[in-house]
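What TrEMBL records for 1-86 is domain 'CARD'. TrEMBL lists 652-693, 695-738, 739-780, 873-903, 1001-1042, 1043-1084 with the feature repeat 'WD'.
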Amino acid sequence: MEEGARSCLLRFRHRLEQDIKPSYLMDHMISDGVINVDEEERIRTQDQAVALLELLLRKDNRAYISFYNALVKETYDDLANLLYDDLPQISANAHKSSSDGWTPHVQMVLSEGGVPQRPVVFVSRPELLNRVRERLYRLQKEPGWVTVFGMAGSGKSVLAAEAVRHQGIIEECFPGGVHWLSIGQLDKPDLLVKIQSLCFRLEQSLDSQSLHRPPNSLDEAKERLRFLMLRRYPRSLLILDDIWDSTVLKVFDIQCRILLTTRNRSLTDSVSGAKYEVEVASGLDENKGLEILALYTKTNPQGLPEEARSIVRECKGSPLVVSLIGALLKEKPNRWRYYLCQLQQKQFKRIRKSSSYDYDALDQAMAASIEVLPDEHQELYKDLTVLEKDIKIPAKVLSILWDLEPEEVEDILEEFVNKSLLFVDSHNKPYLYYLHDLQLDFLVEQNRTQLEVDLHTKVVRQYQQHYRDDPPTSGDEECLYWIRFLTYHMARANLSQELYSLMFSLDWVSIKAQIMGPAHLINDYVEYGPILDKEGRCDNYQFQEFLSLNGHQLEQRPFPDVVQLALSQPPTSEVYRQALLQAQDRASKGKLYVDWLNKSSVESLSRLVIHPHQGSIYSACFSQDGAKIATCGASKTLKVFKSTSGEKLTEIQAHDDEVLCCAFSPDDRLLATCSSDRKVKVWNVERAMLLRVFAEEHEEQVNHCQFTNTRRQLLLATCSNDKFLNVWNLNRPSSQNTMFGHFEPVNHCCFSPDDTYVSTSSNDGTVKLFQVSSANEWKTINVSSMFTESDEEVLVKCSTWTADGKRIICAARNAVLVFDVETSDMLLEIRTSRLSMVQYCHACPTSNLLAIAFSNYAVELWDLEANKKMADCSGHLSWVQRVQFSPDGSQLLSCSDDQTVRVRLNKCVRDGMTGSVLFQSEEMSSRIRCTCMCRQPSVVALGQENGTVQVWSWQSGEGRVLKGHKEQVRCFSLLSHSPARLLSWSFDGTVKVRLRHIPDIEAHRGAILSCHVSPDGCFFATTSADKTAKLWHCESWQCVHTLSGHQDCVRSCRFSWDSRRLATGDDNGEIRLWSVKEGALLKICSRDGKDGMDSLHGGWVTDLHFSSDNSLLVSTGGYIKWWDVEKGKALQTFYPTGSALKKIHVSCDFSTFVTIDNIGILYILQRVV
């Protein structure tokens, strides 16, 4: 060791000996190969810290570096800092001198990527290792897949980790790093959490500007991961450990370099790219098995007793079983014959066996290993039976389960690890522990009779005892485990009443949604629905309906108040009953809540809800006559229903893999389906009979299919990940045109209304238009060029044509773009305020409406002419895959990963509610923009778009016209009632005083957007598109203060009732509070609502009102917010069904609030007391 390093250790020796816990540090150092198992044993028999430092001083530079790295990993940052300045420099030659190319640099790269460390007892398998590395070298030039496959327990994961533990592989093939992700058997919410975690880990290593909110859906997660792997981490390797399902693998089909371990070699058939395989067929050969036993027993392989070979043969080459026996012999080295006899007994008879694995040896080895544990530890080990596969848990969870101190639990777990009965992931802090699948299988088999009643019940009871007051909310690993799996344990223990009480609690909804996101929460209601429904009440349906309407709100940050959201539920709902009780209790302690009094007048917008499939629904479509709906999805089936009643007409087992799309022919006689199995099929609808199969034409999964719109010529278009579009003439036996030009997978194809063109949307960021008659490319629209703000890839999800065929609409990222077909010019861009990606869009064939589906469960309706959102159509419990209008435009269909199809009447969605008119004026010559009523005289002033003001007596019907403004009159304000002085302001930037002869005021350079007169009549304020507000004196008409600082148009203003403060709101959603006397900024209302591209207020701040005591402020925009004036903090938020609230009317006591949204829904809100 260099003198400087040695001197540093001596200098800080006393402090190191006092503070370190050597057992954890030695695990890292053994993995690094700088100390061996014998040395570890010797240290454990002495004062461990003192002995470890003594040993280090006799070692070389590598030992010093390994010790430093171990301190960093175990978060001894202060101690590591003491050693940092004296770290030895490792030369390039020293790098290369390592026999296997494993250097501190490699160790750092693998540690950052979460690659597991070497097992403490490790034997190399050079032949297999070289085969894996040779395949990895083939990924040096291009993306692709290397599959390591073999039976359970054959050492695939260790082999994969060892293959990348090599300087040459890292530097030459994967300089962007290596990233490890353990998968296992997952459902979609769990998989989403895994990828969210990986994306966060990747983004954390970049600058803080790169941090995003977590993706909301698997589609969004796939796009985020694609961008990170291709742009931020080019030439990096993603290792997917223990893949079971091809649908999971498709999420990672992102054109990057992937190494995966699996038991099923055919999984990569479902993905695109170069593919290489390595089979781990037989586990360890005899010599390697003997080598493991020799390492455990610290014996030369040649000196092992004759029983050793028989033991290895009985272990069938399983590294796991050999390690279990080796750990036993390590403690009892004279029991070779005894453990051989144990293996040969085969006394365990399994109820269920896997055909790919011989369980006999494992069962005997596990039984023998458990047998040598102390009796009390055997009982504790049995408790691990309750774990789910592939789940890692911190010691603190077991501390609660076993009712022991955490330090005592760590010692017990260390004993289990040393006996190969448990594995530890030391990359995490705190350490996470887990069982191999085969070990868990053994425990489940042995404890089958006890498992449900006793073991899971024990977990629940121990949790209830520890958290008798409140559930954990810290967000650490222990908290995550309980929040994620408590419902699972209750369900397995048949504790239906406890499960019922937990899941039908708003407190639980709030905690789980905030910590885990709504996807996990919603999945619980679906998964445990059969148990919850046994109680015979409607609570399960009511909670699901609540989550379906508010799921997208639960993605917001800051997290919304769940009680306030629940107050919008029907009065008969259990959700509302709980919310009202909680709101009343919290209101008594000063919290603000509002109840929506007239919500019963708003009916559900979903006319029909169908649950057609088990699993995600990827496509649903109307027949041309609108009478039928076809659906398909992950269940591999095609189903047809009546659109009026949901009655099932047909069910067909359509494909061998997920069915991605279905489409009716223009005469409704045929249905086409396409699938991940690469086939396209055409079916007779009435007879449910297969007519045609196109099995060879596409080389990858077929993403979309569509028939022509007219009956003139029956054509079917299909597009695929193979980058091609095929068009088939179904009137002829075999007729096909293949159209090419895309460089990446084609996601969607769509015929123009007259069938002249077919459009294709691709991951290469373009939409191409092909002439159907000639099969030639007509033009390309470069959609990606419209997204210049970042270098993230632009994947075009789909395209749809307007009814006149003159515009084509594309969905990409979080935007919808409208292009002119002839010129390719972009005419309109809809950048949604949703914190999610656009999944799909469809233009109504009979109107200007556009339906947009989002990854965060929402569907929106937009008017293309007005560029205005017309409605929010919530209702789904998961990401929405597709939307479609019926051919007559009367109905809207949506399908989702929540296994439902919803049909909405388009008229109900658009028109909202109507009421009776009390009085109506005569029709004016120009559009009326604003009104104002005066008491003396009894007149109403009408501001018009042509700049004139009509002053009209609504009692006598007489009126007169006042002119002067050059542009539309924006609004009025009364300066005084007697004599009447009326202030009008306009987009022309001027303020005029009506009914008195006062000179006009040229107030702003831009349009005036609002004006308000102070309650004491001394001042009035104006706000403008020039981003300023101004204070004016009512007598002198002079500007007193110009208020600057807003970054966008200042849309609204309001004086406090004592005339001392002025509130102003802008188009970015920001609200500022000013002193009227000094013109100074007092407060900027809380900025913590900013997320993604959403404004602070969900839109422009359109209206403001103070409470009578000036302590509270209410504001409207995309939603309604209440504020604490002194602190500038948001107190409550109400989310309307629609958006774009314009004005809010407030009662004098600040208890009742009335407003109306853009789809015509009236809100009468009352403070809860």
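Positions of Cβ are set from backbone N, Cα and C atoms, glycine also.
A TrEMBL annotation is a machine prediction, not a hand-curated record.
Within the chain carrying the repeat 'WD' (873-903), a Cβ under 8 angstroms from the stretch's Cβ atoms is held by residues 188, 216-219, 519, 522, 525-526, 544, 547-552, 604-622, 624-626, 629, 631, 633, 641, 643, 836, 839-847, 849, 851-861, 909, 1137, all 6 or more beyond its ends. Remark: secondary structure over the repeat 'WD' (1043-1084) totals 0 helix, 22 strand, 20 coil, with classes taken from DSSP. Remote same-chain residues near the repeat 'WD' (695-738) are listed as 250, 253, 270, 272, 657, 660-667, 670, 672-680, 682, 744-751, 753-755, 758, 760, 762, 770, 772, 775, 798 (criterion: CB distance under 8 Å, separation of at least six residues from the stretch ends). In the repeat 'WD' (652-693), the DSSP tally of helix, strand and coil residues is 0 helix, 24 strand, 18 coil. In the predicted structure, the domain 'CARD' (1-86) carries a mean pLDDT of 84.
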